[in-house]
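Here is the structure we will look at, set down as structure tokens.
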């Protein structure tokens, strides 16, 4: 029958597209599509050629294994072709493979060697008289690249074999890969040095092995597992694949500790499921399982098709990377007020589930990856890890795509967003009002060191918020017996006890109240200092930056947090409601007689001849001064004895007055500066 013109054109386009991606993957180590997308393209072309055999051409990607080697390396022609494997994407595919093999061998059941499919770079190692003499990459399966100088730098690969029972000349084959821990450390070093990071361990392994300078390869955390042989004298072949692996291991070539001999399709699937459950606990990346007929004579009888052995198959795990489009970027507010950008994605099946969102972590991460709404991106999902965007495909970005900017106000409550210089996290400042922070702000408000509301535990707060009985801390004081008694495990007695505890908590101190508000960086000590310094809530709420900086222990950052918190109308409204509900405290007692050095901050450095540092500190504190361990713009004087440290330099830098020992003694005698 004649082939429809549209099918001929489709096959031509598929061949061109697959060849293009072969070059990107094998020659440039810079793939534009995921393995799953590549497999789909190849499967589509195979299906067309199976239906219309006349469309098969000598240069079709289905008739070869990969792309030609790069020109920077010497070419090596493999004595035995390094073929790729057919893929099984489902249990049905694997069962069909087992059925076909058993039929061709006329056997009721077969044993297979099952082992992890490592995600690295395949290499062929030639040993003569037990010494490694040549190493080559797979290349296009027929011709690879000579990487002997680099493979010698991979510590897991022996330069000389162990024992004496190995053949005089043979080839071992295996996978060079980069363990997860080494990959993370390598990328961290690259980030610190401002260098380009690798997308995944496979790219890192390939890039490391194909360096012209072997010293670079030696610095990379590469490893190796052998999985088979190339050229090998027939007379020395063992009977089975697993005995061959045992021989390789005995000669010093590492093999996967995860390989097993399994029986039939059922044994293969049991191994596949078991390894799939543990794959993320393994120290290296895998993307499936390889099954090989264990009987080597049976392997020889089954032979090969044009691009793969008929006695082996790769059973792929669901793809963990996929390509999709960013529909938009939303900003979520966490329970502590941290703003996290999240990419909304066109639904894509990856890692066994359909993914519609991916975390972008923070503004710095968005800038580093340059993710923009409308971008085409590669998404990764590994196990239970939240899906993340690995990288953007810049070639597919539409003109005029605008960079994303974090909002200046909270998307949940409209309060101002604060982000300190040097910090990657942005936070909502509407702690008392923001719906996203309700539970945490209420739990903190009720805690023992804050308002000390006995009986109001975390689970009860979850119930109250979940049933919409309370939304802010002020709502606690509007609860009644009927609503409380209707909660889980809350009878009338427990409800009455909680109401009594709420009533008691209304009588507090200004320091406790300030701490209970949950102002960022205002802990118990700072709250106490603020209450003593300002004396009233009103004075603190209206304090200027200069007035706040005059308070000991309050620097520019804490001052900014305090002013921003009280500047939010929502926070002020909740505070007004709390006061209207009866929360109160006694006015601070009149300040005691002012001491001569009260309000002054001293820093001691060096050694004093006339007294110890503890004695000097005690003398200063007796006159009302405060002694601290570091110099800041709030420091009034630095007292410098002999052999002063870096504090003296800091004082000079900030313009803080310095007293020598004589000046210090004069000050103590006068009792004033």
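Placement of Cβ uses the backbone N, Cα and C atoms for every residue, glycine included.
Now, the feature entries from Swiss-Prot:
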type     : residues                                            : note
BINDING  : 35, 36, 37, 38, 39, 84, 85, 115, 138, 175, 292, 316 : NAD(+) binding site
ACT_SITE : 117                                                 : active site, N6-AMP-lysine intermediate
BINDING  : 410, 413, 428, 434                                  : Zn(2+) binding site
DOMAIN   : 592-673                                             : domain 'BRCT'
Inter-residue C-alpha distance, residue 85 (NAD(+) binding site) and residue 428 (Zn(2+) binding site) (nearest angstrom): 53
Integer mean pLDDT for the domain 'BRCT' (592-673): 85
Distant-in-sequence Cβ neighbours of residue 434 (Zn(2+) binding site), under 8 Å, six or more positions away: 333, 337, 410, 412, 413, 415, 428, 441, 570
Any further residue of that chain within 8 Å (Cβ to the Cβ centroid of 410, 413, 428, 434) of the recorded Zn(2+) site: 333, 337, 411, 412, 414, 415, 429, 430, 433, 435, 436, 437, 570
DSSP-derived structure type at residue 292 (NAD(+) binding site), helix or strand or else coil: strand
Residue 35 (NAD(+) binding site) and residue 117 (active site, N6-AMP-lysine intermediate), Cα-Cα, nearest whole angstrom: 13
DSSP helix/strand/coil residue counts for the domain 'BRCT' (592-673): 29 helix, 16 strand, 37 coil
Structural state of residue 35 (NAD(+) binding site), classified by DSSP into three states: helix
Protein Cβ atoms within 10 Å of residue 39 (NAD(+) binding site), excluding its own: 16
For residue 292 (NAD(+) binding site), nearby residues of its own chain (Cβ under 8 Å, 6 or more apart in sequence): 112, 113, 228, 241, 299, 311, 312
Collapsed DSSP category at the residue listed as 'active site, N6-AMP-lysine intermediate': strand
Whole-number Å value of the largest CA-CA distance among 35, 36, 37, 38, 39, 84, 85, 115, 138, 175, 292, 316, listed as NAD(+)-binding: 25
For residue 428 (Zn(2+) binding site), the three-state class that DSSP assigns: strand
Other C-beta atoms that fall within 10 angstroms of the C-beta of residue 85 (NAD(+) binding site): 17
Which of 410, 413, the listed binding-site residues, has fewest other Cβ atoms within 10 Å: 413
